[in-house]
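As recorded in Swiss-Prot, the features of this protein are as follows:
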BINDING   Gly37, Pro38, Ser39, Gly40, Cys41, Gly42, Lys43, Ser44  ATP binding site
DOMAIN    4-235  domain 'ABC transporter'
Amino acid sequence: MAGLKLQAVTKSWDGKTQVIKPLTLDVADGEFIVMVGPSGCGKSTLLRMVAGLERVTTGDIWIDRKRVTEMEPKDRGIAMVFQNYALYPHMSVEENMAWGLKIRGMGKQQIAERVKEAARILELDGLLKRRPRELSGGQRQRVAMGRAIVREPAVFLFDEPLSNLDAKLRVQMRLELQQLHRRLKTTSLYVTHDQVEAMTLAQRVMVMNGGVAEQIGTPVEVYEKPASLFVASFIGSPAMNLLAGRVNNEGTHFELDGGITLLLNGGYRQYAGRKMTLGIRPEHIALSSRAEGGVPLVMDTLEILGADNLAHGRWGEQKLVVRLAHQERPTAGSTLWLHLPENQLHLFDGETGQRV
């Protein structure tokens, strides 16, 4: 096994504007890291830099304790799996998986052994003589993974490999990828815009925005303690409720823009008088009553999702979403009395957007 290290790497196309700001990342031997973020955040550019398909402007890349910053892709010990499979249509499954080894001059017996083992791992044994057109989307993606596996790379690089699959097949392939990583234990760097893929596959998640790694942490850390407003708004479905306002001068209440006041029981005196953004996830808002000091919300819309329901309303101009149990189905225009548990509140600086 081998690790991967990015040391203050940057990328600029014109020598002036950095599309990747100085970024440092240590990926341990056998670790599965997922880079997630919106389109244009730099995640695919960073992956291509690791692969050697794009040159690093400044900084260094290390794979298996070797500096590979200027090395050609073929010499880096990496294997890539792409969104579009990139299979040769005139070749069989077996020939597609073997082709990369063949052009490297590997012996026929060794190639056959590697292909056979990869086919066994991916349950492709009975499909080796078929052409890509005879396969389903999931089977084609497994062939693409098999082609990477036979190379026995130091690092796997995945560039949105599940994007072309339908929703049901994506769920199945996520499970297969998890099982594959547990078996192979190969260091992996995976790019996706899908937060569900990121949260279910990753041992650690790197949330990217504008060429910056906003947060690197386990899925639980990123979800429970988002480092910034961007992470809070990007991770989670539905997104965290983010309410602009200020802590009052005594540090005892949070005053929302729009007139609603929320009680803060303690620990906020150091933020007294400051503009802040208060965050709380929809599932952490509890139903209460007027007598118990609940805060009123007039519900605009109810989304019935099956396992649970989402109630939408507004406090002033600010939107609020509350996740309700399946049996809770209030009608539009009704008033919900809400309790926001203080141990589930998140505060972000009003100017920097960073968690406080």
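Each position is counted from 1, following the chain as shown.
Here the Cβ of each residue, glycine as well, is placed from N, Cα and C on the backbone.
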Shell list (ATP; ref centroid = CB of Gly37, Pro38, Ser39, Gly40, Cys41, Gly42, Lys43, Ser44; cutoff 8 A): His193, Met208, Asn209
Three-state secondary structure, which DSSP defines for Gly37 (ATP binding site): coil
Binding-site residues compared (Gly37, Pro38, Ser39) - highest count of Cβ atoms within 10 Å: Gly37
Local confidence of the prediction over the domain 'ABC transporter' (4-235), expressed as mean pLDDT: 95
Site with most surrounding Cβ atoms, counting all protein chains shown within 10 Å, from the binding-site residues Gly40, Gly42, Lys43, Ser44: Lys43
Cβ neighbour count within 10 Å of Cys41 (ATP binding site): 24
DSSP three-state assignment (helix, strand or coil) for Ser44 (ATP binding site): helix
